[in-house]
Amino acid sequence: MSVLISQSVINYVEEENIPALKALLEKCKDVDERNECGQTPLMLAAEQGNVEIVKELLKNGANCNLEDLDNWTALISASKEGHIHIVEELLKSGASLEHRDMGGWTALMWACYKGRTDVVELLLSHGANPSVTGLYSVYPIIWAAGRGHADIVHLLLQNGAKVNCSDKYGTTPLVWAARKGHLECVKHLLAMGADVDQEGANSMTALIVAVKGGYTQSVKEILKRNPNVNLTDKDGNTALMIASKEGHIEIVQDLLDAGTYVNIPDRSGDTVLIGAVRGGHVEIVRALLQKYADIDIRGQDNKTALYWAVEKGNATMVRDILQCNPDTEICTKDGETPLIKATKMRNIEVVELLLDKGAKVSAVDKKGDTPLHVAIRGRSRRLAELLLRNPKDGRLLYRPNKAGETPYNIDCSHQKSILTQIFGARHLSPTETDGDMLGYDLYSSALADILSEPTMQPPICVGLYAQWGSGKSFLLKKLEDEMKTFAGQQTEPLFQFSWLIVFLTLLLCGGLGLVFAFTVDTNLAIAISLSFLALIYIFFIVIYFGGRREGESWNWAWALSTRLARHIGYLELLFKLMFVNPPELPEQTTKALPVRFLFTDYNRLSSVGGETSLAEMIATLSDACEREFGFLATRLFRVFRTEESQGKKKWKKTCCLPSFVIFLFIVGCIIAGITLLAIFRVDPKHLTVNAILISIASVVGLAFVLNCRTWWQVLDSLLNSQRKRLHSAASKLHKLKSEGFMKVLKCEVELMARMAKTIDSFTQNQTRLVVIIDGLDACEQDKVLQMLDTVRVLFSKGPFIAIFASDPHIIIKAINQNLNSVLRDSNINGHDYMRNIVHLPVFLNSRGLSNARKFLVTSATNGDITCSDTTGTQEDTDRRVSQNSLGEMTKLGSKTALNRRDTYRRRQMQRTITRQMSFDLTKLLVTEDWFSDISPQTMRRLLNIVSVTGRLLRANQITFNWDRLASWINLTEQWPYRTSWLILYLEETEGLPDQMTLKTIYERISKNIPTTKDVEPLLEIDGDIRNFEVFLSSRTPVLVARDVKTFLPCTVNLDPKLREIIADVRAAREQINIGGLAYPPLPLHEGPPRPPSGYSQPASVCSSASFNGPFPGGVVSPQPHSSYYSGLSGPQHPFYNRPFFAPYLYTPRYYPGGSQHLISRSSVKTSLPRDQNNGLPCDSGFNKQRQAAVPATGSSLLLSSMTVDVVCEKLRQIEGLDQSMMPQYCTTIKKANINGRVLSQCNIDELKKEMAMNFGDWHLFRSMVLEMRSVESQVVPEDPRFLNENSSAPVPHGESARRSSHTELPLTELSSQTPYTLNFSFEELNTLGLDEGAPRHSNLSWQSQTRRTPSLSSLNSQDSSIEISKLTDKVQAEYRDAYREYIAQMSQLEGGTGSSTISGRSSPHSTYYIGQSSSGGSIHSTLEQERGKEGELKQEDGRKSFLMKRGDVIDYSSSGVSTNEASPLDPITEEDEKSDQSGSKLLPGKKSSERPSLFQTDLKLKGGGLRYQKLPSDEDESGTEESDNTPLLKDDKDKKAEGKAERVCKSPEHSAEPIRTFIKAKEYLSDALLDKKDSSDSGVRSNESSPNHSLHNEAADDSQLEKANLIELEDEGHSGKRGMPHSLSGLQDPIIARMSICSEDKKSPSECSLIASSPEESWPACQKAYNLNRTPSTVTLNNNTAPTNRANQNFDEIEGIRETSQVILRPGPSPNPTAVQNENLKSMAHKRSQRSSYTRLSKDASELHAASSESTGFGEERESIL
């Protein structure tokens, strides 16, 4: 019953059924019954938290201190659950406070653990013990602190709890609180004085656990109590170490601020820095480095912080550590340095950082691998590039590891070599050469690298060129040291067992036994010999294994092993020399054999010349051979050398038996005989033994007798060294003579070469004998050529490297003095001779190397420089072409001499070249005309130079392209003089765009370069000028100015003194001018450029190759032959030390008609051109040109000058673009910083990816970019022109007329012409523009695409110039009288009335007495309108006599035009420049009536096409003057003008005298004009040679007809005809008026003829130029035969015609002006498509008609006139 009742009570308590419980309790008084767990109803109610039930049970007498099975009481349960009211009731009922459960926990403990703050407070108020401990001695405060109950901690501390109490492991409440970051608990404990340094479990302090958990605030609180921050846990980790590993940056900073030690290692040895690096925490690493953490402490496995950073691949961290200068060579236990590790990880950035810091590439790991081994084994080209960027490290390619592998052989073992690509690497840090101020380290290292290349095939001759006394000998010593370090890196061989060892040991022990057998006893001898044999082999075994052991204790074994191996190898070599034929060496492309060098003692050759010095030189080389190969080997080789008759068998044979068999037989006989003697002695009893002994003695004696000669040779060779033989031969020089002595030297040299080759084949090495010739420039001059010939003869075969160190100018001068007449007559000079001998010229230019960094350039694809989209396309083609194999290019046959060899030779050459260079030579061997002169020897020389230059470029961190470098080297090698002109211009001219091609630059200065060797002897060193022009124009990639700036500092084959010579000569000319001559100094390139003209010749023909006339714009005309002034003294030519004078001292002075060629002179005044009738200023033409220049773009702003904002604005202006996408496009442009310069140079595909436009927008944007690029490519060369024209004074009228985009062809009627006056005296013409005091232009600008190409008619015009110069004073006086009278008559014509008669239209052509005019028009044919009034004031001066002396001859036709600011005479147009001088020179003294007027062709442009008017023929003009189609004078003025003109014509002084006088010079002129010769040496060419090789074949037939005298062109669409200008008509003689010269655009200037020009009667452009003196007059031209050819020839020029708006100029009040489009100016607007241009061209060309047959008589007329 009680059980049921009690269960019911418990059930009611569980169900919290209070009424039922009360009812039940009233019936039953037993309330302390238990359930199965021993719990009473009170415990259950206290646990459930039902206060009423608890009260009811307590009221009914429930015992509150009863325990269940786990020793829990009701108070403990209530405290655990936090029922405060029940706890209070239980305490009132007397519950026990200190009762413990089975775990020893009291009610307070549970309340603290559970965080029941109010319960804890209640219990403490009732006196609970706060220091009670439970299991593991844990206090309530520890539980409260560990679980973050801050209030309870505070209560406990207030009630006396121990603040520093600890549990069983010593962990205090502070440690527990800090472990979980309970900040408030930590604060309370610290406030009560908790010990911050007390260690708990695992030796952790509160600071350590707080740091480990990353509780920053707790750490800060603890640090405020000044703890010991350097305490460590059980693993040796400090708080800082833990924070660094975990990456708590703020905590680390706090700890560092608290003074924590940063270098305390943990138990493994890792420091805080290493821990931070391993964790990858960059900021922490930086913080530690700022606190001077030790970066070189080795941690676990000897790894430093730097190594760990490298291993983690964190480049930022590596960079930070490297800034603190760590030791980069500390190895790990595996021997790896950080560089080796970075190389293994292929981390290019880290490798580059380490190399920049000076990490050694020579470091090796435990396997002996260097970083190069690792990189090449891993096939990483970029890593290998970085590791090899210093030339000194190139020697590591040949350093073997412990397995015997070299990086070079590792690379050879792969099918695709990367070492051939490495030498196209990007940059090398020259930190190791900073101390070498002269840059010799780079020179020596690069040369040593080339000469140490295993695949380099000697012989080779290197020329070290520098001025005498510049330190070449110092470089030689450095070069020798470098070559030794490159070569002497082979590991010492270790001892190996071999059959030779067995044979030698047996022979030694047997001999020792025989000795003892003779002297002591046979048995003892056997015992001793066997014991000795055993000892020897025990010793060998110890040495064998000990030499391969690592450690210092075995160094003695290694030393003995290497010494034994060396001596045994030498013995083996001696036996091989005696008994074995040398094997063939393998091809160097499959296995690179190690190289060794032997040097001559070059000091003994200084200041010595002749046979004795050569003997001494070879003797020193033989001494070096003896030191290297050994005394016996070198001297015995003379006896045992292999004869060619031996064949390729392995063994040398004697009597058909191998020699070693006979040798072993003889040795065996000797040993057997000695053995028998030792055993049996000499006893007559032993007959058999005696017989055997006699036989043995006979065999041995016979062998000795038969080899007496050999023994004598051996004895002679051993006693007489090669040095002794050479000296004895030198002492007998008087008997041997020179030829005999040379034969002795040759034999000795060949013997040395064969010896080196033989020993190399046995030892598997490459020996190269280096002959150093120093002091050759100090030898006697007559010995120099002999020395060079001797060296060439002696060392032209075999493994020789000849190094000349000399001053090339002294040597070449000596050669020139000693060359025989045959060579001189063959145009072979000293320079050609040296070029033929020297395979690798190196000019020491330390200044260039020091400035190399200025030219450091970068590009995206290994040096591809993109100028524009077009250039980029060309380079893509280049890259595709360059991938062709060398085998394909050797199929070219006629273009290369390489394919004449057999297949094996060609394959060997192919492999050699491919291995030697990292670029394909296809482009050098393509069918270019310039290659026709390149021989295999020249190609080898080019390869050597390119290789050295490439290494120097890499050493200076200059990125380059191999194709461009090869083109540049070829240019400097074949044409050094002209290339020096290009370089000099680039050095002296600022502001040139980098993309300007060398062809454009050459066209600017071509007329400044002398063309004959008499003017400039240095022209001898250049190749054919025609090939030079073809190379510049047709070679791809096209070289630009940027390439010159890139390559020049490291170009070793170009003599820098050439530029000094050119500058000195130019300065000397100017100095002569300043010295008092009447001529102005001629600057190289001063004066503003002129605007382009449609009449200009294409750029390709504006060259000095075909230029044989006077030099325009600052360069003199060709001077007379050198014999003309050979006896004079003057400035010495720096190169040949010969008298050198400015040619204008001997030839007439020439001034070009263009205003751009002369220096600005203040003596010439100018004003705005005005119309004389209304005084209104005329347009200068420049603004019109600019307006027409960029009509489509709407702005003259160039693409490359646009900013990002301008590009965005330009984008918004594109029609058809999606406006909704515009903000996105603009954002992309700004984000990517796409400015105009980027657009002008970037790759289109990359731009497309970056812009991410939709299809339509992209094509619109792309077309805009390409269009602006095209515009800029036209504008870029003309930028200087714009600059100059903007800054110049108003342009003269003649310039403005020609610059305008459309020029009106003026009317021929004089009534509609504006009257001009021409009143210049001789004195005025002489001094015009020549004021010396005027300042020069400071802007060094050049003309761009247009060129002046006036020329003398003869290719060899010196003779004619001399004869013309020798005109007598009487002739000149007669001419002056005639000219003075002519001026007076012309003044009368124009002076009396205000008529429009033009005074100076007809030219006296006085200038042709001296053959210098380039203007076909009259001297006074043009006059600016602004000079009208001044001309009237100067009429009197114009009549003054001008006394001309012979040296003062002036070209009046051109001297009148001097500056850009003032041009009193009309500047000569492009027709004039291209006009042939021949025709004009033949007519020097004619009056205007007798002078043949130039035939005129009307040119009109219809839609951009060419239209020609028919020219009057004989039939048209054979009648009277009135029969002319268009009268030149109107009605009443006609007769007046004719009368006055007739008076002029009848002047005796003006007519007869000049003709009579000039007939004397007819034969000279005609000879000079007709006898043209084509000479490539003189730098000029005849009119048969055309620079346009691309059109050569198509125009082959037409080219024969283009030499005709006269061309008549007619246009069927035109019925009206126009007469000739009055200025050229004279008396309108129909025969004279019929004569015309048409210029050809594509011809060279030497073939050009003459045409007149004036601003009033603008002559139309003539499209063809012909030399009247070249073609027989009987040839008739039919232009219809080849219209297509002619169109092709004109295509280049015509395709550039753009659409322009018409501009009409009205020089006078003409009632009906005719506006005709002019082609003078090619506008820089949108190009028409080439296809349409070509179609138009073909159509127009087809309209050309045949010339009139009567015109063929012009040649006879010319002769009759003469």
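All positions are counted from 1 along the displayed chain.
Just so you know, glycine gets a Cβ as well, placed from its N, Cα and C.
Of Ser1518, Ser1582, the one with phosphoserine in Swiss-Prot is Ser1518, while the others lack that note in the record, though it may still apply to them.
The phosphoserine entry in Swiss-Prot, when matched to the candidates Ser473, Ser738, Ser918, corresponds to Ser918. Looking up Ser1415, Ser1513, Ser1551 in Swiss-Prot for phosphoserine, the annotated residue turns out to be Ser1513. The membrane topology recorded in Swiss-Prot places Ile696 on the side opposite to Leu844.
Residues 534-554 are the range that Swiss-Prot records as transmembrane segment, among 135-155, 534-554, 555-575.
Residue ranges 333-336, 765-768, 1033-1036, 1089-1092 are listed, and Swiss-Prot annotates 1089-1092 among them as region 'Mediates interaction with CRKL'. For the repeat 'ANK 7' (244-273), same-chain residues at least 6 beyond its ends with a Cβ under 8 Å from one of its own Cβ atoms are 211-212, 214, 216, 219-220, 223, 229-230, 232, 235-238, 279-281, 283-285, 287-289, 291-295, 297-300, 305. DSSP places the residues of the repeat 'ANK 9' (310-339) in helix, strand and coil in these numbers: 13 helix, 0 strand, 17 coil.
Across all of the repeat 'ANK 8' (277-306), the predicted model scores a mean pLDDT of 92.
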